[in-house]
Amino acid sequence: MSYLGVGVSPGNVTGSSTKMKLIDRKVRVTELILRSLVCAFALVAAILVATDVQVREIFTIQKKAKFTDMKALVFLVVINGIAAGYSLVQAVCCLVGLMKGSVLLSEPLAWAIFFGDQAVAYLCVAGVAAAAQSAAFAKLGQPELQWMKICDMYGKFCNQVGEGIASALFACIGMVLISCISAFGVFRLYGGSKPRQSSRW
């Protein structure tokens, strides 16, 4: 995505235009790095939670703890899978744009990317919040409702879930930063869309 939105006019200086292009390239490189990190963290989070299983024998009865037992963890896995796939596609687009040196001129496409980033960011925040609340209940219990501390029996399961939530949190922070960058990029297009009129003396 291009973040310049500044056309070359008779009043623009070539040096200034070159400087703006360098700034634009740095922003796009930053976006590429962030999207790659989000993809990695989201994928790790989904794998950690989805593969987390622990079996305990209680009074000769085997009890298995898995992520599907908690709807919040299922939601977290699905959301992080979506975030990883979306970030991978956008990272590839950023890389291709950098290699070709092309800029995004289509405002509808810029808005589509903006709304996509916003949606994924909000979903990531919701997923982490729901999973963190469920994890807190599993760790601390709820004496008033006679909810026991599940993590006292399934320590390994809870530890791996905690690692998954931590990885999802990093992915969430990255998506929030990316959504800010895409918002800046969209509104930057409109900020420089009108050519400057030369003043008359």
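Backbone N, Cα and C define each Cβ position, glycine as well.
Since the structure is predicted, the reported quantities are computational estimates derived from the model, not experimental observations.
Membrane topology of Thr51 relative to Phe157, as recorded in Swiss-Prot: same side. Distant neighbours of the transmembrane segment (167-187): 1-3, 27, 30-31, 34-35, 37-38, 41-42, 44-45, 48, 76, 80, 83-84, 87, 107, 110-111, 113-114, 117-118, 120-121, 124-125, 127-128, 131; these residues of the same chain sit at least 6 beyond its ends, with a Cβ under 8 Å from one of its Cβ atoms. Averaged across the topological domain 'Cytoplasmic' (188-201), the predicted model reaches a pLDDT of 50.
Listed by sequence, the residues of this chain that lie at least six past the ends of the transmembrane segment (72-92) yet keep a Cβ under 8 A from its Cβ atoms are 32, 35-36, 38-39, 42-43, 45-46, 49-50, 113, 116-117, 120, 123-124, 126-128, 130-131, 133-134, 161, 164-165, 168, 171, 175.
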